[in-house]
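S.K.: Quick one: this structure, given as structure tokens, is what I'll be asking you about.
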């Protein structure tokens, strides 16, 4: 039960990172634009008073503010895309769903008189104190905030994952597959809006009561508890879920424009813009002292406690991790260096983090952030606005550094903790990050994860690879650490490997390898051993010379579709080349061209051809049909055979194959189009086997 819940929470946590990743850019625009309009700043830098400079400053501030004003919509889109493995259709569905949900709530609220229908009265209504309602994207509606966006995003993703391969009757074929998702999402969002009218008001009332009581009862204790829990969740990657309500939904503030703003971070940005006294930032400011000073001091303590022969190695590891923490506030590379080998140190660190939040609250210092508590955000939201006692972070940080340094050194010696550089000789194997070649790292990580076949789901956030594997026993955690992971967390079949800011790039490289788009720089194995390598062999160098008109016929009878309708991103994203797809109504596949057979996959589900004119074509029958290992497929050609248009290549038992694969949609891909060439579909609806003029290659 816990493992399943952890997997779900992990997915939601990484999905939240997509909209959150937008905020630093918006925050920079807002902070700099506001600072350029600050009266104290203008007195020092007189050129800022120029009308043109002030115009630019106003534009920058507005450009940043619009992002924070529309966070619910951004969360709806970001969460949907994140939970749908990056597919943009889910994002479109989320936009439609969010608009429909709000319009449906608005219609009811206007009809029953809760919100005035008269525009003048409605404008007055929103300038008064009605925090339960908001004018979102011009729609007078219930104030569901970021939670409303997240709910719609989850709904859109669930519907996408359920229906993106749906097949409808032929007369409704245009609306099949991914096109069906926005339709079903809009209907579901209409129902969701009506449900939210009933369930959300008491939920909102409870959230308001909780957040108000939390601050009024004992804000200092609340800040301490927040800091401890937020750090404690770092190993599980669930801290995003914990802090999101505090940053984006709890608490409220009425802006100068009369708008009700919710969430510690959003309120801080609004108060910066309004030029009022800062009251927000309690649940952000505490990060600066321990991220900029405390953890780097902990790194120094670990270095000083390392064995003399290991100090040079530890200096490199700890130095880079400490610098990363100081500049950017990314702390995982440093935290995970001692989390698993010395959990007691991490427990101490969590308490110190809570202490940092508590002290900054007692001093009433308010500094917001968009990314994390490093020097960059400290300058943008503390020093540049100059609206709070930002300088107090430095003495508090230095004091915390002393506590971290001596606290860590005492604990390491007292409990003989095996922090980096203090391992027993038997444990001191390869140095972290040492691999044969830099370009081999993603391959080595895949092997340490149990190879490609063991990867069920692959994703990443800012600091860690998040992998769901089929068999966790095949994962070599020690090897992952040797490859540079500062920590590896395992909960059931969910693996998190902490590679720091490189994680997202490594994920992309690993996805390329899994998709067969980046051949390993070493001798290839037999083509019979790996289907993925055979796909690579089909992808040739682009054509350099123009090809005259060739006879090209439909290889299958069925319904023709653009290749973007294929429910597989390798094909729909045109990663192997442009083309088209056919949803078969019968199981016979014929040659579309005159030429030769380049490749017949061992599983018989795909064939590569080359026309006499040099065009190379891949016919891939169905999606994930490789898993059938040839069952239901009969091949009538072999590699090197000459073929004519209409000659039989394959016969497929549709009744046997269809129930066992996600879709029968068959992509036909031109894998070596010249630069600038694209495939356009001339036919529509159903096409017959051997039918000519169904597609055209254009420049």
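Any Cβ shown, glycine's included, is placed from N, Cα and C.
Straight out of Swiss-Prot:
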type: DOMAIN; residues: 3-424; note: domain 'PTS EIIC type-1'
type: TRANSMEM; residues: 16-36; note: transmembrane segment
type: TRANSMEM; residues: 66-86; note: transmembrane segment
type: TRANSMEM; residues: 89-109; note: transmembrane segment
type: TRANSMEM; residues: 139-159; note: transmembrane segment
type: TRANSMEM; residues: 180-200; note: transmembrane segment
type: TRANSMEM; residues: 233-253; note: transmembrane segment
type: TRANSMEM; residues: 283-303; note: transmembrane segment
type: TRANSMEM; residues: 313-333; note: transmembrane segment
type: TRANSMEM; residues: 338-358; note: transmembrane segment
type: TRANSMEM; residues: 365-385; note: transmembrane segment
type: TRANSMEM; residues: 388-408; note: transmembrane segment
type: DOMAIN; residues: 439-520; note: domain 'PTS EIIB type-1'
type: ACT_SITE; residues: 461; note: active site, phosphocysteine intermediate
type: DOMAIN; residues: 568-672; note: domain 'PTS EIIA type-1'
type: ACT_SITE; residues: 620; note: active site, tele-phosphohistidine intermediate
S.K.: Reduced to three states, what secondary structure does DSSP give residue 620 (active site, tele-phosphohistidine intermediate)?
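M.R.: SS state of residue 620 (active site, tele-phosphohistidine intermediate) = strand.
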S.K.: Near the transmembrane segment (66-86), which same-chain residues lie under 8 Å Cβ to Cβ, leaving out any that are not at least 6 residues past its ends?
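M.R.: Answer is 11-12, 14-20, 22-23, 25-26, 30, 93-95, 97-98, 136-137, 144-146, 148-150, 152-154, 156-158, 160-161, 248, 259, 263, 265-266, 269-270, 457, 459, 569.
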S.K.: Helix, strand, coil residue numbers for the domain 'PTS EIIB type-1' (439-520) per DSSP?
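M.R.: DSSP composition of the domain 'PTS EIIB type-1' (439-520): 37 helix, 21 strand, 24 coil.
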S.K.: Taking every residue in the domain 'PTS EIIA type-1' (568-672), what is their average pLDDT?
M.R.: 87
S.K.: Can you count the other CB atoms that lie within 10 A of the CB of residue 620 (active site, tele-phosphohistidine intermediate)?
M.R.: 26
